[in-house]
Every structure is written in structure tokens, then in C-alpha cells.
Amino acid sequence: MMRPVVVKEKQIHVVEDEVRQAKTMDRDIVKHAMKQSVAKLNPKVMIKNPIMFVVEIGFVITFILSFLPSHSSSIPGWFNITVSLILLFTVLFANFAEALAEGRGKAQADSLKQSKKDVFANVVKENGEIVQVSATDLRKDDVVIVKQGEMIPSDGEVIKGLASVDESAITGESAPVIKEAGGDFCSVTGGTMVVSDEITIVITSNPGESFIDKMISLVEGAARQKTPNEIALNTVLTSLTLIFLIVVVTLPIFTNYLGFQIDTAVLVALLVCLIPTTIGGLLSAIGIAGMDRVTKFNVLAMSGKAVEAAGDINTIILDKTGTITFGNRMAHTLLPVGNETIEQVGKWAAISSVLDETPEGRSVIEYVQAKSISYNRELAEQGEFIPFKAETRMSGVDLQDGTKVRKGAVGSVIEWVRSQGGTIPKDVNQKADFISKEGGTPLVVAVDNRIYGLIYLKDTVKPGMRERFEQLRQMGIKTVMCTGDNPLTAATIAKEAGVDEFVAECKPEDKIAVIKAEQDKGKLVAMTGDGTNDAPALAQADVGLAMNSGTTAAKEAANMIDLDSNPTKIIEVVGIGKQLLMTRGALTTFSIANDIAKYFAIIPAMFTLAIPQMEALNIMKLTSPLSAILSALLFNAVIIPLLIPLAMKGIAYKPMSSNALLGRNLLIYGLGGVIVPFIGIKIIDMIVGLFI
């Protein structure tokens, strides 16, 4: 009775340790980000963000002015230094947001670097001699033998043997995967370990070009480039900043004409409040955090452009097998023929499957047991198993008493029964056609010269796929299923799964044709694949998600790689892309809406003394002109760190149409962006008013 308690206590301690380590790591990331926020004050770094660079220049100007005698009697000596400090913290907060996002990526890179240990490889020379060399000395096309318990030294493809490989260092999945020569599962990754048997691989990458090297480079941000959307938005924001800069610089000309002067510090404060500093300070963090969210989802995006493109996808091309369906045909029901009973069909179907280790064979046993149909297992185990062959298209067992039991393709079993001198029941082909039209695969069960019935094998649609496709439909995304099945079977699966369109008897070149046809309509297309024959289509698609278990050609052609090798993850990737675009759009809306309240705070404060009628614009009833300016600046600075969690996590995303999303975001972040600063500035003014 005590052992389960002990196990639970151990599990609790493990969880507590993991939580403690996560908190420690978060503290380390925050500390590093705080240091980096100061280091990023370097003008060479700041100029990459023109908006915050203008704020930094404003800090320098007001800081210098604080040590010079003031020519304005209305501006006290402490005002300039206060403004300069607020501007400094505004820049520091923006730098902190970017450094925090980068820090999370670097933490992931550090964990990946731990998997790059000093590894030695057994290289096979041309003369057959085996030489041990360091993994760093390996070059492309070198042939290496990797034995049980050894680390795979670099990326490669299996050319001989079969082995179980532990890829947990890369994918986080503890269950080993089978790698073998030929086919779509020959690709191996450096840093993974062979846990059984032995394989010979040919190296496919030079030092510094391996999969792990690329991952480290990407998550560290070294390879990160601004996306087209990010560049376009940055250009718009920079243009706004330039326009407001011209307005502020020329403003003294008009105020002199009106007979009064505006202090330089007030002009700087006006400029900072006018320009979109909120989104300017968070823009880089949003992009980096978007990449980070994809990486945490165990998907490696080759660029931020790929993540953004996922958010704009209009069409998704999906393989049926393994994506929409489980890929394993399972026994769905039994159909007796002639005067036979379902118990007789089940009995002989089970006997033919006892020694059959295929998923189909096991599913027959499970079905018969679930239906409580009795059969003699020992009788089958004592017989001689006849495995499935492409030539015969049948499998079964020859019993010790000479009885021959077979199950297999309709035509093959019918031909075999006729060769035994048997007759064919009239309803065999009729029931076989019925199964095919239902989207299933018929297997005929026969004993010697007598057919007993059919096994209805069905490739089951994964649970929840219809609901997920409905969500995509609400988002305006069309789903297209590609399958090698005949049109009848394809139509049945498509209807059951709820996809919009399907392509039956599809060949690899047909996928490219489908992608090009959609792109010719102005659509952005995403697809998944794992084989060499998928590589051209993955390269053609706007978003190509390759499986990590697939071939090197597929992974090189794609712009995203799923480390878990789960094709359905393309749906989640699209959601992350949309969340990234929505977060950027929502915070841009919020930032620009903020300016409305800041105008009502700072503009009356600047002009009330010269133009008393401007007091009518002081709808917030702020304490004094100086208090109004400082309150607007303080809110402008404080809102950046308050929005960092939202920028990092992304705004809540729900599948809906583009128009519905636009209306929702305008209501929440547009109207909210107007209301929040009115409240925030008023509260800050009440506090500041106590001290001035």
C-alpha cells in the first residue's frame, strides 16, 4: 500500500525540481536582459530601431539641457533632468523587451549546445580500413559506422542496416524511432544515439552546417532577418516619426509668431508622445517571440518569413494517410457470404491472423475478441504461417491437419479458391464493392475451397479532424486532401473528415499542380511531406512543413521542420502565424490609439498659457501643465513593460473570419487604446500633482 505513495512523492519532487529550475532559468534570463538593455544603448545598435533612436537622442538633449541655465521662468530646473530620466527608462524598457525575447531563444540554444558533445566517429576508408576521427573532422560524403550505445556524429543517411535511434535530445520524445536504409526513414541527425543494432551512414553535412548548428543559429537570433511585413510596418512607423519630427522642429516658428516660446524639453516631450513609441519598442520582441513560440512547439522555422506566411495561408494541402487518418487499416466489421455466419467468419479470420504481426492482423484479433467470438489459438500457433507477399497478395496459416486458411485481396483469394476446386458465392464481389464504396479495404477469408466472408478494413479518421477543419473553414482556409486511393474511397474519407476538396489517385507531380493552381489564384499554400518525392512540392509551397523523420531532400526543400514528425501540426503552425500577425496588428492599433489621449494631455499643457482657450481641451482636468507633460511621458514609458507579457505570449486567438477578427481587435485594442491612457494619465497626474 505504501509503494504508490512513495512513487507519487518522488513524482512530486521531480515536478518541484523542474519548476524550481524553470524559475531559476527565468530569473537568469531577466538578469541577462536587464544587462543587455543597458548594452543596447549603444547608438550603433539603437539606430536599427529609428523610433527608439529618436527617443534616445531626446534623452541626450534633455540631459545636456539639465546642466545649462534655463531661459524660461515657467520651467523649473529639475524639469529637464526629470524628462531625461523618463526618456532613458523608455528606451531601457524597449531594449529590455527585445533582450528578454532574445534571452529565451538563447536559453534554448544553450540546451541544444549541450547535445553537441565531443564525439568520435568510426570512418570507413576506401580500402575498407576503419579509422576513428573526431566528429569535427568529418566531411560530406564520409562513410561512418555507428554501433549500439554510440552517438551519431553528424547528419547523414543510412545506407546499410537498421537500428533504433533515441532522438530525445532533438525532439524531446523519449520513444526511439526506427531508421533503416532506403525509403523515407533513412535520415539521421547528429547528436542522437543508436540504442540498438548497428547502421552505416553517409555524412550529408560539413561542420557548422548540421541540423543542430542551424537550430542553434536560428534560436539564438544570429540568422534572424526582419520579415517583409515587419519591414513594411517599420517603414510606416519611421515615416510617421519623421513627419512628427518635422512638425516639432518647425513648431517654434509658429509659436514665436504668436508671441511665446516653448522650452526645448517640452518640445522633446511632445515629439516622444506623438511618435508610436509603444509599438516601436515592442516590434522586435513580437517577431522574436513569434519564432520562439514556434520553436517551443517543436517546429523549426527557417525564417520569420515562414511563420508570417503561415499566418496568411489560404489553402492547406494534406496527405490522407497519417495526417487525416491513422494510416493503419483496422478491422471495422465482418461480412459473411452465402449461408455462413459471422461467428464462422470471425473464427477463421482470427486463426489466419494469430501469427500475423501486421497492424491489420492484430486488429482482426482485437475485433474478434471484442465481439466474444471463440477460436482455437493453439491450433493456429502450431501451424505454419504463410506471410503476405506482393506476388500472392494473401497471408494465412497451414494447419497440422492439412487445412489451409487464407485472407487477402479479393481477386487473389477468389483465384486461389478456384484453384482448390471451389465455387465462388454470388455476393462476394457485391459486398467487396460495398466496402470499397464506403472507403474501406475488403479482405476475403477462405478455408481450402470455401469462402466464408469478408473483413472490412477501415483507415480510421483521426478524432477531432472534422472539428479542426471546420475551424480552418471559419478562418477562410480551404483544405485539400491528396490520396492515392480511388475516387470512391477518397470521396468517402473526404466526406467523413470534412475536407473541402480532394485529389484521388494523386501522384507527387499532381501535388505541385494543385499548389500552382491555387497560387495562380493569388492564394498562399501550405503543405506537409516527408519523402524525397515530396521535395519539389514542399519547395513550391509558400509554407512547406517537412517531417524530421523524413529524407534530407524533403527537409532541405521545406522552410519548416517538425521535430515530432506529426503532419497534423501544420494546422497549429497556421494558428501561431495568425497569432503573430494579430499580435503585431493589435499592439500597433493600441499604440496609435494611445496617442489620442496623449494629445489631450500635452497639447493643452503647451499652449494654455499663451492661448487660454486651449484649456477647453484639458478634458482630463490635469493638475498643471508640467504635471500633464510628465504624466503623459510616464505613461508612455510604463506602458511598454506592462505590454511585454502580451507581446511575448501573443494575444488570445480564436478561429474566425478576417472581418470578425478585425472588428474584435478594433473594439478591444482600438477603443481600449483610447480609454486606457485617459485613465492611466489621470492616475499618474494625481500622484505627480502631490509633488509639484
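The backbone N, Cα and C atoms fix where each Cβ goes, glycine too.
Note: D319 (active site, 4-aspartylphosphate intermediate) has non-local neighbours M481, C482, T483, T528, G529, P567, i.e. same-chain residues 6+ apart with C-beta under 8 A of its own C-beta. Residues annotated as active site, 4-aspartylphosphate intermediate in Swiss-Prot: D319.
For D356, E360, F388, K389, A390, E391, T392, R393, M394, S395, K407, the entry in Swiss-Prot reads ATP binding site. Counting every protein chain shown, the Cβ of F388 (ATP binding site) has 17 other Cβ atoms within 10 Å.
DSSP assigns D530 (Mg(2+) binding site) to coil in the three-state reduction, placing it in neither a helix nor a strand. Sequence annotations record features per position, and here Swiss-Prot assigns Mg(2+) binding site to D530, D534.
The transmembrane segment annotation in Swiss-Prot covers 50-70 (among others), and the record cites sequence analysis as its basis.
According to Swiss-Prot, the transmembrane segment annotation covers 74-94 (among others).
The transmembrane segment feature in Swiss-Prot is assigned to 240-260 (among others).
Residues or ranges marked as transmembrane segment in Swiss-Prot: 266-286 (among others).
Beyond the transmembrane segment (600-620), the same-chain residues lying 6 or more positions past its ends with a Cβ under 8 Å from any Cβ of the stretch are 74, 255, 258-260, 262, 266, 269-270, 273, 626, 628-629, 631-632, 678, 681-682, 685. Annotated transmembrane segment per Swiss-Prot: 600-620 (among others), in sequence order.
Here Swiss-Prot flags 628-648 (among others) as transmembrane segment, drawing on sequence analysis.
Per Swiss-Prot, transmembrane segment is recorded for 672-692 (among others).
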Selected stretch (most C-beta pairs under 8 A with the transmembrane segment (266-286)) from 50-70, 74-94, 628-648, 672-692: 628-648
C-alpha spacing of D530 (Mg(2+) binding site) relative to T392 (ATP binding site), in angstrom: 30
Contact set, same chain, for the transmembrane segment (672-692): CB under 8 Å, 6 or more residues outside the stretch: 589-594, 596-598, 600-601, 620, 622-624, 626-628, 630-632, 634-635, 638-639
Fewest Cβ neighbours within 10 Å, where candidates are the binding-site residues D356, D530, D534: D356
